Amino acid sequence: MAAAILSAACWGSATVLSKGVLEHMPPMTLLIIQLTASVAFLWITALVLRVRCRFDRRALRGSLSGLLEPGIAYTLGVVGLALTTASNASLIGTAEPLFVVLLAWILLRERVSASMLGLVLMASLGIGLVVIPDISNDTGEGSLLGDALITAGTLFAALYVIATRKLVMTFDPISLSAMQQSVGLIWTLGVLTLALSLGLTTVGLGGVGLDILILAAVSGVVQYALAFGLYLLALQRLPANIAAFYLALIPVFGVGTAYIFLDEVLTPLQWPGAVFIIISVGAVSYLSQE
């Protein structure tokens, strides 16, 4: 449980860091810096701790889930974050339990109780209240397109949880994270190369100071290396649908740090949505102990 909560703290705070860095460089450039720093950190950690890393066919096949997350999920997510607020991104990311519960039921045959479904609906209502101001586009600070991209990225993140659920039972979390993120980095480099060739983006590092580059790298280590490692550890001890609900704690950390460092403020309509999300997390935490 502690690992799941800490992973949420890493994701929530790193989202705010990423939003700040996005003022200085394009989204895909930031993502590549973050993943490069995270991959280096994970492989060095595996070397120092003498983690047994497998490179057989099964391990390589398992690493392909990195295409889902951080690959596709964070490609969509970082572009969406550039268009919306860090608070919205943190809150919308909690739609992941909704997708995970349904996918776990379909793919893993995990039992879904009526009370769990009720909590999913409560969390979904909270997400809706968060997004409504951006649909009306007169009170929210984000954008509907940014919110939609964050939601799409969250769907792929849920698929990652399902794909990884059984892998963590046979692979060390550090080595699994390193291999998955290496695959995700290769995907991201391919996407950037394609975007550059089509003139859709630029590298955009001209005039970027060393302090911003360091901040980008640190945010990558926190958001990917630490957060992913802790979450994979949590998946070893909790069912996929229960572990995913702890991710709804991300807005507690995300909204709080966004208010402190980015001066982002939720609208009166968004606050009830945040409360619904947090209540659903507390209820699931209670149910998981029964």
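Cβ coordinates come from backbone N, Cα and C, glycine included.
Per TrEMBL, domain 'EamA' is recorded for 3-131, 145-284. If you look up TrEMBL, you'll see 28-51, 63-83, 89-108, 115-132, 144-163, 184-206, 212-235, 242-262, 268-287 marked as transmembrane segment.
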As a test: from 28-51, 89-108, 115-132, 212-235, 242-262, pick the stretch that has the greatest number of Cβ pairs under 8 Å with the transmembrane segment (63-83).
28-51
Counts of helix, strand and coil residues, the domain 'EamA' (145-284), according to DSSP:
112 helix, 0 strand, 28 coil
Secondary structure tally of the domain 'EamA' (3-131) (DSSP, helix then strand then coil):
109 helix, 0 strand, 20 coil
Cβ-Cβ under 8 Å with the transmembrane segment (28-51): same-chain residues at least 6 beyond its ends:
18, 21-22, 70, 74-75, 78-79, 172, 174-175, 177-178, 181-182, 184-185, 188-189, 191-192, 195, 201, 203-205, 213, 216-221, 223-225, 228-229
